[in-house]
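Here's what Swiss-Prot has on this protein:
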BINDING   Arg3, Lys4, Gln148  substrate binding site
BINDING   Ala59, Met60, Thr61, Ser89, Asn118, Lys180, Ser205, Thr210, Gly256, Val257, Arg258, Ala277, Gly278  FMN binding site
BINDING   Glu149  Mg(2+) binding site
Amino acid sequence: MNRKDEHLSLAKAFHKEKSNDFDRVRFVHQSFAESAVNEVDISTSFLSFQLPQPFYVNAMTGGSQRAKEINQQLGIIAKETGLLVATGSVSAALKDASLADTYQIMRKENPDGLIFANIGAGLGVEEAKRALDLFQANALQIHVNVPQELVMPEGDRDFTNWLTKIEAIVQAVEVPVIVKEVGFGMSQETLEKLTSIGVQAADVSGQGGTSFTQIENARRKKRELSFLDDWGQSTVISLLESQNWQKKLTILGSGGVRNSLDIVKGLALGAKSMGVAGTILASLMSKNGLENTLALVQQWQEEVKMLYTLLGKKTTEELTSTALVLDPVLVNWCHNRGIDSTVFAKR
(Lines of atoms letter the chains of each structure in order from A and count residues from 1; the text may use other names and numbers.)
(Lines give C-alpha, C1' and ligand atoms only; values in the text may rest on other atoms or scores of the structure.)
Protein backbone atom coordinates (compact mmCIF):
# COMPACT_ATOMS: atom_id res chain seq x y z
CA MET A 1 0.00 0.00 0.00
CA ASN A 2 1.47 3.38 -0.98
CA ARG A 3 1.54 6.33 1.41
CA LYS A 4 -1.50 8.04 -0.17
CA ASP A 5 -3.63 4.93 0.35
CA GLU A 6 -2.27 4.53 3.88
CA HIS A 7 -3.42 8.08 4.61
CA LEU A 8 -6.90 7.32 3.26
CA SER A 9 -7.25 4.13 5.29
CA LEU A 10 -5.98 5.72 8.49
CA ALA A 11 -8.10 8.86 8.03
CA LYS A 12 -11.17 6.65 7.70
CA ALA A 13 -10.15 4.53 10.72
CA PHE A 14 -9.55 7.55 12.95
CA HIS A 15 -12.55 9.56 11.77
CA LYS A 16 -15.23 10.06 14.38
CA GLU A 17 -17.39 12.99 15.29
CA LYS A 18 -16.09 14.36 18.55
CA SER A 19 -16.46 17.46 20.63
CA ASN A 20 -14.20 20.33 19.62
CA ASP A 21 -13.93 24.09 20.07
CA PHE A 22 -16.90 24.82 17.81
CA ASP A 23 -18.94 23.56 20.78
CA ARG A 24 -17.41 26.35 22.90
CA VAL A 25 -19.05 29.01 20.71
CA ARG A 26 -22.76 29.80 21.15
CA PHE A 27 -24.95 32.19 19.23
CA VAL A 28 -27.23 34.52 21.19
CA HIS A 29 -30.77 33.55 20.18
CA GLN A 30 -33.09 36.40 19.22
CA SER A 31 -36.83 35.68 19.26
CA PHE A 32 -37.62 37.94 16.30
CA ALA A 33 -35.54 36.90 13.32
CA GLU A 34 -37.24 39.35 10.91
CA SER A 35 -36.04 37.27 7.99
CA ALA A 36 -37.32 34.64 5.56
CA VAL A 37 -35.59 31.62 4.04
CA ASN A 38 -36.45 32.69 0.49
CA GLU A 39 -34.79 36.08 1.09
CA VAL A 40 -31.46 34.58 2.18
CA ASP A 41 -28.38 34.65 -0.06
CA ILE A 42 -25.73 32.18 1.14
CA SER A 43 -23.23 32.97 -1.61
CA THR A 44 -19.79 34.27 -0.74
CA SER A 45 -16.85 35.84 -2.53
CA PHE A 46 -13.14 35.97 -1.84
CA LEU A 47 -10.13 36.88 -3.94
CA SER A 48 -11.58 36.83 -7.47
CA PHE A 49 -14.02 33.99 -6.85
CA GLN A 50 -17.80 34.01 -6.55
CA LEU A 51 -19.21 30.92 -4.85
CA PRO A 52 -22.86 29.86 -4.50
CA GLN A 53 -22.35 28.57 -0.95
CA PRO A 54 -19.99 29.54 1.88
CA PHE A 55 -18.22 26.18 2.18
CA TYR A 56 -15.89 24.14 0.00
CA VAL A 57 -14.19 20.75 -0.12
CA ASN A 58 -10.64 21.05 1.13
CA ALA A 59 -7.51 19.20 0.02
CA MET A 60 -7.80 15.47 0.60
CA THR A 61 -6.11 13.03 -1.76
CA GLY A 62 -4.57 12.02 -5.07
CA GLY A 63 -1.68 9.91 -6.32
CA SER A 64 -3.26 6.44 -6.36
CA GLN A 65 -6.07 4.61 -8.14
CA ARG A 66 -8.18 4.65 -4.99
CA ALA A 67 -7.60 8.39 -4.71
CA LYS A 68 -8.55 8.80 -8.37
CA GLU A 69 -11.96 7.29 -7.68
CA ILE A 70 -12.52 9.73 -4.82
CA ASN A 71 -11.41 12.71 -6.91
CA GLN A 72 -13.71 11.62 -9.72
CA GLN A 73 -16.64 11.54 -7.31
CA LEU A 74 -15.67 14.97 -5.96
CA GLY A 75 -15.62 16.31 -9.52
CA ILE A 76 -19.13 14.97 -10.13
CA ILE A 77 -20.45 16.45 -6.87
CA ALA A 78 -18.75 19.80 -7.53
CA LYS A 79 -20.28 20.08 -10.99
CA GLU A 80 -23.72 19.27 -9.62
CA THR A 81 -23.56 21.70 -6.68
CA GLY A 82 -21.14 24.46 -7.70
CA LEU A 83 -18.71 23.51 -4.94
CA LEU A 84 -15.14 24.75 -4.98
CA VAL A 85 -12.79 21.79 -4.53
CA ALA A 86 -9.08 21.66 -3.68
CA THR A 87 -7.11 18.60 -4.68
CA GLY A 88 -4.79 16.76 -2.37
CA SER A 89 -1.07 17.46 -2.71
CA VAL A 90 -0.06 16.98 -6.35
CA SER A 91 3.57 16.27 -5.43
CA ALA A 92 3.11 12.62 -6.41
CA ALA A 93 2.17 13.60 -9.97
CA LEU A 94 5.11 15.99 -10.21
CA LYS A 95 7.43 13.09 -9.40
CA ASP A 96 5.61 10.47 -11.48
CA ALA A 97 3.70 11.65 -14.55
CA SER A 98 1.70 8.41 -14.66
CA LEU A 99 -0.19 9.62 -11.57
CA ALA A 100 -1.32 12.90 -13.14
CA ASP A 101 -4.69 11.48 -14.14
CA THR A 102 -5.55 10.80 -10.48
CA TYR A 103 -5.90 14.59 -10.16
CA GLN A 104 -6.89 15.51 -13.72
CA ILE A 105 -10.02 13.38 -13.42
CA MET A 106 -11.51 16.12 -11.27
CA ARG A 107 -11.17 18.66 -14.09
CA LYS A 108 -12.46 16.13 -16.62
CA GLU A 109 -15.64 15.71 -14.58
CA ASN A 110 -15.98 19.43 -13.85
CA PRO A 111 -14.45 21.32 -16.80
CA ASP A 112 -15.76 24.76 -15.84
CA GLY A 113 -15.58 24.49 -12.05
CA LEU A 114 -13.27 26.11 -9.51
CA ILE A 115 -10.42 23.77 -8.58
CA PHE A 116 -7.37 24.60 -6.48
CA ALA A 117 -4.08 22.72 -6.85
CA ASN A 118 -2.15 21.87 -3.69
CA ILE A 119 1.61 21.59 -3.15
CA GLY A 120 3.94 21.51 -0.17
CA ALA A 121 5.85 24.55 1.05
CA GLY A 122 9.18 22.90 0.25
CA LEU A 123 8.63 23.10 -3.51
CA GLY A 124 9.77 25.90 -5.78
CA VAL A 125 8.43 28.09 -8.58
CA GLU A 126 8.80 25.56 -11.39
CA GLU A 127 6.96 22.86 -9.44
CA ALA A 128 4.22 25.37 -8.60
CA LYS A 129 3.72 26.23 -12.27
CA ARG A 130 3.66 22.56 -13.24
CA ALA A 131 1.08 21.87 -10.53
CA LEU A 132 -1.18 24.61 -11.88
CA ASP A 133 -0.77 23.36 -15.45
CA LEU A 134 -1.77 19.80 -14.52
CA PHE A 135 -5.46 20.66 -14.74
CA GLN A 136 -5.62 24.44 -15.30
CA ALA A 137 -6.10 25.14 -11.60
CA ASN A 138 -7.80 28.39 -10.62
CA ALA A 139 -5.59 28.98 -7.58
CA LEU A 140 -2.70 27.40 -5.72
CA GLN A 141 -2.83 26.10 -2.16
CA ILE A 142 0.55 25.75 -0.47
CA HIS A 143 0.31 23.58 2.61
CA VAL A 144 2.49 24.07 5.67
CA ASN A 145 2.73 20.98 7.87
CA VAL A 146 5.85 20.96 10.05
CA PRO A 147 4.39 18.66 12.76
CA GLN A 148 3.28 16.11 10.16
CA GLU A 149 6.67 16.14 8.42
CA LEU A 150 8.51 15.60 11.71
CA VAL A 151 6.34 12.65 12.72
CA MET A 152 6.31 11.16 9.20
CA PRO A 153 9.08 8.53 9.05
CA GLU A 154 10.23 9.75 5.63
CA GLY A 155 9.27 13.41 6.17
CA ASP A 156 11.28 16.60 5.75
CA ARG A 157 13.59 17.76 8.51
CA ASP A 158 14.71 21.16 7.19
CA PHE A 159 12.19 24.02 7.09
CA THR A 160 14.53 26.98 6.91
CA ASN A 161 13.54 28.19 3.43
CA TRP A 162 9.77 27.73 3.36
CA LEU A 163 8.86 31.41 3.63
CA THR A 164 11.41 32.34 0.97
CA LYS A 165 10.01 29.74 -1.43
CA ILE A 166 6.42 30.80 -0.81
CA GLU A 167 7.32 34.44 -1.46
CA ALA A 168 8.98 33.51 -4.76
CA ILE A 169 5.90 31.56 -5.85
CA VAL A 170 3.55 34.42 -4.92
CA GLN A 171 5.57 36.73 -7.15
CA ALA A 172 5.87 34.26 -10.04
CA VAL A 173 2.42 32.76 -10.60
CA GLU A 174 -0.58 34.51 -12.12
CA VAL A 175 -3.27 32.96 -9.91
CA PRO A 176 -4.03 33.60 -6.23
CA VAL A 177 -1.94 31.75 -3.65
CA ILE A 178 -3.55 30.45 -0.47
CA VAL A 179 -1.27 29.21 2.31
CA LYS A 180 -2.96 26.41 4.20
CA GLU A 181 -2.24 24.62 7.45
CA VAL A 182 -3.15 20.93 7.68
CA GLY A 183 -4.97 20.75 10.99
CA PHE A 184 -2.54 22.51 13.34
CA GLY A 185 -3.95 26.03 13.13
CA MET A 186 -2.37 29.44 12.61
CA SER A 187 -1.28 32.16 15.01
CA GLN A 188 -1.17 35.94 14.79
CA GLU A 189 2.57 35.69 14.22
CA THR A 190 2.13 33.29 11.30
CA LEU A 191 -0.45 35.56 9.67
CA GLU A 192 1.88 38.54 10.09
CA LYS A 193 4.66 36.65 8.29
CA LEU A 194 2.34 35.66 5.46
CA THR A 195 1.19 39.25 5.03
CA SER A 196 4.79 40.46 4.94
CA ILE A 197 5.63 38.28 1.92
CA GLY A 198 2.55 39.23 -0.10
CA VAL A 199 0.31 36.21 0.47
CA GLN A 200 -3.31 37.11 -0.28
CA ALA A 201 -5.15 34.39 1.61
CA ALA A 202 -4.66 31.95 4.48
CA ASP A 203 -6.64 28.84 5.37
CA VAL A 204 -6.04 28.58 9.11
CA SER A 205 -7.01 24.85 9.11
CA GLY A 206 -7.06 24.14 12.82
CA GLN A 207 -6.94 21.17 15.15
CA GLY A 208 -10.19 19.35 15.90
CA GLY A 209 -10.68 17.08 12.91
CA THR A 210 -8.24 14.81 11.09
CA SER A 211 -4.91 14.67 12.93
CA PHE A 212 -1.99 14.09 10.60
CA THR A 213 0.37 13.64 13.52
CA GLN A 214 -1.88 10.78 14.66
CA ILE A 215 -1.94 9.33 11.13
CA GLU A 216 1.83 9.56 10.67
CA ASN A 217 2.49 8.17 14.15
CA ALA A 218 0.37 5.14 13.24
CA ARG A 219 2.81 4.54 10.38
CA ARG A 220 5.80 4.46 12.75
CA LYS A 221 6.89 1.06 14.03
CA LYS A 222 6.90 2.04 17.71
CA ARG A 223 4.10 4.63 17.50
CA GLU A 224 6.02 6.55 20.13
CA LEU A 225 4.84 10.09 19.32
CA SER A 226 1.18 9.88 20.35
CA PHE A 227 1.68 12.88 22.65
CA LEU A 228 1.54 15.01 19.47
CA ASP A 229 -1.89 13.70 18.41
CA ASP A 230 -3.66 16.92 19.41
CA TRP A 231 -0.85 19.39 18.68
CA GLY A 232 -1.83 22.87 17.55
CA GLN A 233 -4.54 25.49 17.80
CA SER A 234 -8.15 24.65 17.03
CA THR A 235 -9.94 26.21 14.08
CA VAL A 236 -11.95 28.43 16.42
CA ILE A 237 -8.83 29.64 18.23
CA SER A 238 -7.10 30.21 14.89
CA LEU A 239 -10.02 32.35 13.72
CA LEU A 240 -9.83 34.30 16.98
CA GLU A 241 -6.09 34.76 16.37
CA SER A 242 -6.91 36.12 12.91
CA GLN A 243 -9.17 38.96 14.10
CA ASN A 244 -6.60 41.72 13.58
CA TRP A 245 -5.58 40.35 10.19
CA GLN A 246 -8.96 39.90 8.52
CA LYS A 247 -8.75 43.27 6.75
CA LYS A 248 -5.26 42.52 5.44
CA LEU A 249 -5.70 38.87 4.46
CA THR A 250 -8.52 36.75 3.12
CA ILE A 251 -9.13 34.29 5.96
CA LEU A 252 -10.55 30.85 5.25
CA GLY A 253 -11.33 28.30 7.94
CA SER A 254 -11.22 24.52 8.07
CA GLY A 255 -10.49 21.67 10.44
CA GLY A 256 -13.05 19.79 12.51
CA VAL A 257 -16.08 21.07 10.59
CA ARG A 258 -18.79 18.49 11.29
CA ASN A 259 -22.03 20.13 10.20
CA SER A 260 -23.72 23.26 8.90
CA LEU A 261 -23.74 24.93 12.33
CA ASP A 262 -19.94 24.68 12.52
CA ILE A 263 -19.77 26.30 9.08
CA VAL A 264 -21.90 29.25 10.17
CA LYS A 265 -19.96 29.68 13.42
CA GLY A 266 -16.73 29.88 11.42
CA LEU A 267 -18.23 32.49 9.12
CA ALA A 268 -19.42 34.52 12.11
CA LEU A 269 -15.83 34.50 13.41
CA GLY A 270 -14.67 36.08 10.17
CA ALA A 271 -13.87 33.31 7.71
CA LYS A 272 -14.89 34.12 4.14
CA SER A 273 -15.63 30.45 3.53
CA MET A 274 -15.26 27.19 5.47
CA GLY A 275 -13.49 24.11 4.17
CA VAL A 276 -14.62 20.57 4.89
CA ALA A 277 -12.52 17.45 4.36
CA GLY A 278 -12.81 14.62 6.91
CA THR A 279 -16.61 14.56 7.03
CA ILE A 280 -16.82 14.52 3.22
CA LEU A 281 -14.12 11.84 2.92
CA ALA A 282 -15.86 9.58 5.44
CA SER A 283 -19.11 9.97 3.52
CA LEU A 284 -17.47 9.20 0.16
CA MET A 285 -15.80 6.07 1.56
CA SER A 286 -19.08 4.72 2.91
CA LYS A 287 -21.57 2.52 1.06
CA ASN A 288 -23.31 4.49 -1.72
CA GLY A 289 -20.73 7.19 -1.09
CA LEU A 290 -21.39 9.34 -4.15
CA GLU A 291 -25.14 9.54 -3.67
CA ASN A 292 -24.88 10.04 0.09
CA THR A 293 -22.27 12.79 -0.22
CA LEU A 294 -24.19 14.66 -2.90
CA ALA A 295 -27.26 14.52 -0.65
CA LEU A 296 -25.16 15.71 2.31
CA VAL A 297 -23.87 18.76 0.42
CA GLN A 298 -27.38 19.65 -0.73
CA GLN A 299 -28.66 19.18 2.82
CA TRP A 300 -25.99 21.54 4.15
CA GLN A 301 -26.93 24.14 1.55
CA GLU A 302 -30.50 24.13 2.84
CA GLU A 303 -29.47 24.03 6.51
CA VAL A 304 -27.16 27.03 6.06
CA LYS A 305 -30.11 28.99 4.65
CA MET A 306 -32.15 28.03 7.71
CA LEU A 307 -29.37 29.10 10.07
CA TYR A 308 -28.96 32.48 8.35
CA THR A 309 -32.71 32.96 8.77
CA LEU A 310 -32.60 31.89 12.42
CA LEU A 311 -29.89 34.50 13.03
CA GLY A 312 -31.81 37.19 11.16
CA LYS A 313 -29.13 37.56 8.49
CA LYS A 314 -29.71 37.74 4.75
CA THR A 315 -26.11 37.54 3.50
CA THR A 316 -22.85 35.87 4.48
CA GLU A 317 -21.22 39.24 5.17
CA GLU A 318 -23.88 40.08 7.78
CA LEU A 319 -22.88 37.10 9.94
CA THR A 320 -19.90 38.99 11.37
CA SER A 321 -22.37 41.27 13.16
CA THR A 322 -24.04 38.33 14.91
CA ALA A 323 -23.74 38.16 18.69
CA LEU A 324 -22.00 35.07 20.00
CA VAL A 325 -20.55 34.06 23.35
CA LEU A 326 -17.25 32.26 23.94
CA ASP A 327 -16.86 29.82 26.81
CA PRO A 328 -14.20 30.37 29.53
CA VAL A 329 -11.54 28.24 27.80
CA LEU A 330 -11.66 30.46 24.72
CA VAL A 331 -11.92 33.65 26.79
CA ASN A 332 -8.82 32.61 28.71
CA TRP A 333 -6.89 32.01 25.49
CA CYS A 334 -7.94 35.42 24.20
CA HIS A 335 -6.93 37.10 27.45
CA ASN A 336 -3.47 35.53 27.41
CA ARG A 337 -2.95 36.34 23.73
CA GLY A 338 -4.14 39.96 23.87
CA ILE A 339 -7.36 39.39 21.90
CA ASP A 340 -10.52 41.27 22.94
CA SER A 341 -13.07 38.51 23.54
CA THR A 342 -15.85 40.85 24.69
CA VAL A 343 -16.60 42.31 21.26
CA PHE A 344 -18.33 39.17 20.01
CA ALA A 345 -21.13 39.17 22.58
CA LYS A 346 -21.94 42.85 21.99
CA ARG A 347 -22.29 42.84 18.22
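Placement of Cβ uses the backbone N, Cα and C atoms for every residue, glycine included.
Structural mapping of features recorded in Swiss-Prot.
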residue: Ala59; record: FMN binding site; DSSP class: coil
residue: Asn118; record: FMN binding site; DSSP class: strand
residue: Gln148; record: substrate binding site; DSSP class: helix
residue: Ser205; record: FMN binding site; DSSP class: coil
residue: Gly256; record: FMN binding site; DSSP class: coil
residue: Gly278; record: FMN binding site; DSSP class: helix
Spatial neighbours, same chain, of the residue listed as 'Mg(2+) binding site' - Cβ under 8 Å, 6+ residues apart: Gly155, Asp156, Arg157, Phe159
Longest CA-CA distance among Ala59, Met60, Thr61, Ser89, Asn118, Lys180, Ser205, Thr210, Gly256, Val257, Arg258, Ala277, Gly278, per record bound to FMN, angstrom: 23
Rounded Cα-Cα span from Gln148 (substrate binding site) to Gly256 (FMN binding site), Å: 17
Neighbour count (Cβ, 10 Å) for Ala59 (FMN binding site): 24
Binding-site residues compared (Gly256, Gly278) - the one with the fewest other Cβ atoms within 10 Å: Gly278
Gln148 (substrate binding site) and Thr61 (FMN binding site), Cα-Cα, nearest whole angstrom: 15
Cα distance (Å, whole number) from Arg258 (FMN binding site) to Gln148 (substrate binding site): 22
Cβ packing number for Asn118 (FMN binding site), 10 Å threshold: 25
